[in-house]
Amino acid sequence: MRKEERYKGVLNWFNENVPVAETELHYDNPYQLLIAVILSAQCTDKRVNMITPALFRDFPTPEVMAASTPEVIFEYIRSVSYPNNKSKHLVGMAKMLMSDFDGVVPSEIDQLQKLPGVGRKTANVIASVVYNKPAMAVDTHVFRVANRIGLTNNSKTPLETEKELVKNIPEEQIPIAHHWLILHGRYTCIARKPKCEECGLKPWCKYFLNPKKT
Ligand code: SF4
């Protein structure tokens, strides 16, 4: 199957069957989303959503967070993975938001990546979810699902996957395509054993059509 045909089939299927796809993290503003995404590294959204209400209540702005210490923040986030590093990152991130960005979460990927705890994936999430930019954040689900379906050609790195997806998905669909692939990977095309029998992408999926070669 030609690549264009595969992309067209997959995107059409998602458009028709999953018209709404959003992050499962709870947040009310860009600052809260940035905190939630930093906390979600190597951790489930469900766990993050359990601890953020108290954190957002007691540290409602970057200014308040910047005046705190990692030791204080640690007590709020101790049940997520890597709480030591993440508490340092959150306070450092808030301090830099205040010192370099007037307390406003920036929209440019390179500026976002300057913030402590913010790598390329997190920067792409903020750029696309908050600012609706054509940025594709590649997490473990996006990476695996894109390779399985054949949207990427046995890509070896998240950056390779990101570039290939951005090149082939129409710009206006890139923000939602990120959520389509994550949710598909989380609930259907799961890592251990994909649920191919209930998947609507079978007609275009390289893995399904020829599992031995994938
Ligand atoms: S057909 Fe199977 S391998 Fe392909 S996307 Fe669906 S669940 Fe994943």
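Indices start at 1 and increase along the chain as displayed.
Backbone N, Cα and C atoms are what each Cβ position is placed from, and that goes for glycine too.
As recorded in TrEMBL:
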- 39-187: domain 'HhH-GPD' (DOMAIN)
- Cys189, Cys196, Cys199, Cys205: [4Fe-4S] cluster binding site (BINDING)
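Helix first, then strand, then coil: DSSP counts for the domain 'HhH-GPD' (39-187) stand at 99 helix, 0 strand, 50 coil.
Looking just at the domain 'HhH-GPD' (39-187), the mean pLDDT is 96. In three-state terms derived from DSSP, Cys196 ([4Fe-4S] cluster binding site) belongs to a helical segment.
In this structure, the binding-site residues under consideration are Cys189, Cys199, Cys205, and the one with the smallest number of other Cβ atoms within 10 Å of its Cβ is Cys199. The Cβ of Cys196 ([4Fe-4S] cluster binding site) has Lys202, Cys205, Tyr207, Phe208 as same-chain neighbours under 8 Å, each 6 or more residues away in sequence. Taken residue by residue with DSSP, Cys189 ([4Fe-4S] cluster binding site) is part of neither helix nor strand, so it is coil.
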